[in-house]
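Per TrEMBL, these features apply:
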ACT_SITE  H145  active site, pros-phosphohistidine intermediate
BINDING   K39, F87, R115, T121, R132, N142  ATP binding site
DOMAIN    31-168  domain 'Nucleoside diphosphate kinase-like'
Amino acid sequence: MWSSTRTSVSCFWGQGQVRSRSSNADFPGIKERTLVAVKPDGVQRRLIGEIIKRFEQRGFRLVGLKMLQAPEKLLAQHYVSLQKKPFYPSLLHYMTSGPVVAMVWEGHNVVRSSRMLVGDTDPAGAAPGTIRGDLSVHISRNVVHASDSVQGAEKEISLWFQSAELIDWEGCDHNNIYHL
Ligand SMILES: Nc1nc2c(ncn2[C@@H]2O[C@H](COP(=O)(O)OP(=O)(O)OP(=O)(O)O)[C@@H](O)[C@H]2O)c(=O)[nH]1
Ligand SMILES: Nc1ncnc2c1ncn2[C@@H]1O[C@H](COP(=O)(O)OP(=O)(O)O)[C@@H](O)[C@H]1O
Ligand SMILES: [Mg+2]
């Protein structure tokens, strides 16, 4: 029951049906999107479901998902701001050590909220209750990535996903009570 458009995949079975009482004008950030990736250590430790669960439970919508062995060229663009860091070679080695699960999540203030869900870059400083604070111990194996700004998220999403790979949930809002 999916229809493809030129720029995205859209769900049509909700169109014309009852819409949630809030419009996008009420919640300007409702369509904000962010890139989250389960890193190779997270995949190997069977944490994909746990990480997805936390974003789902918070009330964000999944608009894109894929598992891939990330090409070094993609990672070089993704981590361009870290190229001069001493740990950069080991970061690329880590990120290419196995498959990653890349996701795009959507919702109100999703970029900021995701960073809160994920926790501090260094798991030693990540609060209990956060993904890194609960599931990791070392900065070089911190299980998950989340974009750190709206602008950065837009750039990262376009690096990792074609627009046709992303779902347009417009018209399906009746399906969920959380999506503010
Ligand atoms: N080994 C090592 N890895 C680091 C260090 N600093 C950062 N990293 C790794 O590089 C990643 C990217 O660093 P940042 O972008 O500054 O951290 P982040 O934004 O919390 O992490 P991402 O969500 O992966 O971008 C981190 O998540 C770590 O995996 C470091 O000092 N040593
Ligand atoms: N000092 C460090 N030592 C090892 N790895 C690091 C270090 N700083 C960052 N990294 C790695 O680089 C990734 C990206 O860094 P950054 O974007 O600064 O943090 P975050 O992942 O929290 O957004 C981190 O998640 C981590 O995997
Ligand atoms: Mg980062």
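For all residues, glycine too, the Cβ spot is worked out from N, Cα and C.
TrEMBL: automatically predicted annotations, no manual curation.
Quick caveat, the model's predicted, so the values are computed rather than measured.
Comparing F87 (ATP binding site) with the residue listed as 'active site, pros-phosphohistidine intermediate', their Cα atoms are 16 Å apart once rounded. Within the same chain, residues at least six positions away from R132 (ATP binding site) with a Cβ under 8 Å of its Cβ are V118, G119, D120, T121, P123, A126, N142, V143, V144. When the Cα positions of K39, F87, R115, T121, R132, N142 are compared pair by pair, the longest gap among these ATP-binding residues is 22 Å. Mapped onto three states, the DSSP output places R132 (ATP binding site) in helix. In the structure shown, the C-beta of N142 has more C-beta neighbours within 10 angstroms than that of any other entry among the binding-site residues T121, N142.
Calculated from their C-alpha atoms, the gap between H145 (active site, pros-phosphohistidine intermediate) and K39 (ATP binding site) amounts to 7 Å.
A count of other CB atoms within 10 A of each Cβ picks out K39 as the most crowded of the binding-site residues K39, R115.
Among the binding-site residues listed (K39, F87, R132), F87 have a CB atom closer than 6 Å to some atom of ligand 2, in sequence order. Proximity to ligand 1 (Cβ under 6 Å from any of its atoms) holds for these recorded positions out of K39, T121, R132, H145: T121, H145. Helix, strand and coil counts from DSSP across the domain 'Nucleoside diphosphate kinase-like' (31-168) read 69 helix, 28 strand, 41 coil. Mean pLDDT for the domain 'Nucleoside diphosphate kinase-like' (31-168) in this predicted model: 97.
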